[in-house]
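Per TrEMBL, these features apply:
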- 1-335: domain 'Major facilitator superfamily (MFS) profile' (DOMAIN)
- 1-18: signal peptide (SIGNAL)
- 43-62: transmembrane segment (TRANSMEM)
- 179-197: transmembrane segment (TRANSMEM)
- 203-224: transmembrane segment (TRANSMEM)
- 236-260: transmembrane segment (TRANSMEM)
- 272-293: transmembrane segment (TRANSMEM)
- 313-330: transmembrane segment (TRANSMEM)
Amino acid sequence: MQGFGILFAAIVSLIVSAAFNNTYKAPSYDEDRLHSTVPEADYVWRIILMFGSIPAALTYYWRMQMPETARYTALIAHNVKKAVADMSKVLHVEIEENFEKVSSNEVKRKNNWGLFSPQFAKRHGLHLLATTSTWFFLDIAFYSQNLFQKDIFSKIGWIPKAGTMNAIQEVYHISRAQTYLALCGTVPGYWFTVAFIDRIGRFWIQLMGFLMMTTFMLGLAIPYNHWTTPGHHTGFVILYGLTFFFANFGPNATTFIVPAEVFPARLRSTCHGISAACGKAGAIVGAFGFLYASQGNPPERGYRKGIGLRNSLFVLASSNFLGMVMTIFLPEAKGKSLEEVSMENVDENAV
């Protein structure tokens with residue numbers, strides 16, 4: 001559903017900016033720098049941001065109505081009876097009584113080693129390294145692509161130069177371009193994952209996604225001068241859209257799924273959180289790094305000369321390639337229960 005969230009965010013921006021642009025006329029930045037941003041433009045980003053509070057509030061309410069997962073209640077909270085009751089409520093079926101005969105002591109005798117134990121390092125140390133690094137490398141590329149679409153679109157001529165528009169018009173044109181990308185690349189990519197994740201498997205989808213993102217990034221970077229000449233912009237946009245498609249029919253979906261499956265229940269959220277935190281660290285690197293690195297000659301006002309957009313695309317391709325390499329160390333969870341893939345049903349002293 002994240003794909004629909006991205007799409008609707010762009011649509012909200014499109015509607016709000018169009019409404020303000022029709023109501024409050026302003027000259028372009030080149031014509032009049034001071035008056036190209038009307039005072040009312042300050043409400044545009046506030047209204048767009050406020051719309052995000054609506055699904056957030058609904059999410060909070062619905063989450064409060066949901067019971068804790070049965071695995072957590074039984075294995076961590078050691079309340080098997082409540083776990084059975086919650087499962088009956090959610091599944092709308094009566095659970096067999098013999099399920100309740102599993103005693104709390106039996107649950108407690110299961111493997112109880114912690115995150116910093118030799119047992120965890122032996123069983124899941126490499127898995128944690130793989131989930132954290134793949135999420136990190138993905139977000140370097142994914143967030144830099146998302147945050148700086150306007151710079152890329154402007155440089156290839158898909159949207160007008162910033163100086164030829166006023167502030168609200170720029171929001172409108174960027175939102176329209178992002179809507180097209182979401183419709184043609186982002187949303188279909190997510191739903192291809194939904195359709196194939198239990199057929200192809202998490203491992204192969206992630207490996208393929210990183211490989212295709214690397215390929216298309218190189219396809220943008222190597223003939224970059226060709227793509228920036230008039231008449232070739234459509235090809236650039238198609239390749240750029242395909243990187244979003246394979247990001248979502250690939251690691252942007254699976255890097256979130258895999259850490260929720262490969263670790264034992266008592267450490268699952270912790271390891272998922274560590275993996276996600278590394279992803280956000282990658283997002284920070286991508287956001288700030290791409291901003292400074294992509295500066296050409298001359299750079300934008302207030303920035304120093306960087307390596308340029310073309311070389312920045314090579315860096316993003318390298319990040320995707322490293323993500324593909326680290327994917328090799330992940331197990332496949334397709335067709336397995338959470339206990340099987342996390343090895344919770346394996347004896348404590350077994351590998």
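Any Cβ shown, glycine's included, is placed from N, Cα and C.
As the structure is a computational prediction, the values presented were derived from the model and not from experiment.
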Worksheet, complete the sentence: Stretch winning on C-beta pairs under 8 A with the transmembrane segment (313-330) (pool: 43-62, 203-224, 236-260, 272-293) is 203-224
Worksheet item: Against which stretches of its own chain does the signal peptide (1-18) lie, if we need a Cβ under 8 Å and a gap of at least six residues from its ends?
Response: 44, 47-48, 51-52, 55, 168-169, 171-172, 174-176, 178-179, 182-183, 186-187, 189-191, 248
Discussion item. Check for me, if you would, whether the transmembrane segment (179-197) reaches the transmembrane segment (236-260) - at least 3 Cβ pairs under 8 Å, residues 6 or more apart in sequence.
Written reply: yes
Worksheet item: Taking every residue in the domain 'Major facilitator superfamily (MFS) profile' (1-335), what is their average pLDDT?
Response: 89
